[in-house]
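These notes are about the structure you will find just below.
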Amino acid sequence: MGSILSQYSYPPVIFSLIISVPSIVLYVIEVIIMLRQKHNFDSPFYRLFIARSLCNFVNYFCTSLPDRFGRVGWFRSFFEVLPPKFLAFSSFFNHYTFHADNLSTAIILINRLTLILFPSVHKKMWKYLFYISLIVIFGTPLFFSAPMLGYDFRVRPQNDNWTFTFDFNKEEGKQYFKPVTTAAFSAVLFCGICGVLNILTVIFYRRSARQLDLRGNAWKQDQKIYRMQQKIESRLTVYAIITFMAQMCMAIMQIMIYLTTSDSFASDTWFLATINQSCWVNDLCMIVLPSWCLLWASSKVKSSIVRLLNMCGVSFAENSGKVEELNMNNFMSKSNTITRSASFNTVSI
């Protein structure tokens, strides 16, 4: 079978399936709940989350699965008879959704940050910014991935004559668009951008909470509000760390792919060792973390899923979810009342 670093290796593929299959099911359920209960999830955050999920679904089903088949040599004869345009579309969507995910992640963080900075006009502001965000998320990646549709893609067998990857025919002396270079640059750039946005979100949230505390010790007058504020702050910090680590993992992976395909360090052995691990890294960053982080952070989503499980006959304690949701609603109503005089709002989702 070969080592875990070789191309013909099952462990990375099996591991990616173990972490991705439950996560993609949860991801789909979350999106369906948001679409069916629009009145409960009528906010720019959830709409941006749905936009991001569409990109991640396309990445998982249209590009990640063919890549996994290539890792273990499945269906090679099937892919070899497919038109080159089909293979080109698979590679196109791989890079298109990667750039779209980077953009949507950054825009979601901007949405959270503007909620803290401009609480009184946030909803009105994002009524227009949301449509601009959609244009940016779905339009901008075309500039970095559309050239791939014009290339003559083929199935490239590896040295074992069993596993394969997708590549395009190159003419000597002709300059070609290099998607791996763009992907590596984008990964590093958005790793830095998202890191800065996360830090700013936590800093401004703490500053707003401190200002509110100075204007009458509002939190200490109600211990429930104070505890909820502390809970949101800790969740923001944890979410910031998780988001940054995911972006950093993706950046490291893209840099290694770029290095192993560059002219100065081209090596099939190192390339295959790197690309073989990309499936689970991709699933971790684009499927696992978005789905489970939302379930952990959003009491609305958690309560909806608990009710769905109870309707399906799965016994599940719903009281904790209800209490959390009631506390959050109480916290939101009281903090919004205080906001009129203290210019403060929460970043609860």
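From the backbone N, Cα and C atoms, a Cβ is placed for every residue, glycine too.
According to TrEMBL, the feature transmembrane segment maps to 12-33, 103-121, 128-149, 183-205, 236-260, 280-297.
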Tertiary contacts of the transmembrane segment (280-297) (same chain, 6+ residues out, Cβ under 8 Å): 12, 15-16, 19-20, 23-24, 26-27, 30, 49, 52-53, 56, 59-60, 64, 97, 101, 235, 239, 242-243, 246-247, 249-250, 253, 305, 349
Cβ contacts under 8 Å made by the transmembrane segment (128-149) with residues that lie 6+ beyond its boundaries: 44, 47-48, 51-52, 55, 85, 88-89, 91-92, 95-100, 103-104, 107, 168, 177, 179, 182, 186
Long-range Cβ neighbours of the transmembrane segment (236-260) (under 8 Å; 6 or more residues past either end): 105, 109, 180-181, 183-184, 186-188, 190-191, 194-195, 198-199, 201-202, 205, 266-267, 270-271, 274-275, 277-278, 281-282, 284-285, 289, 293, 297, 347
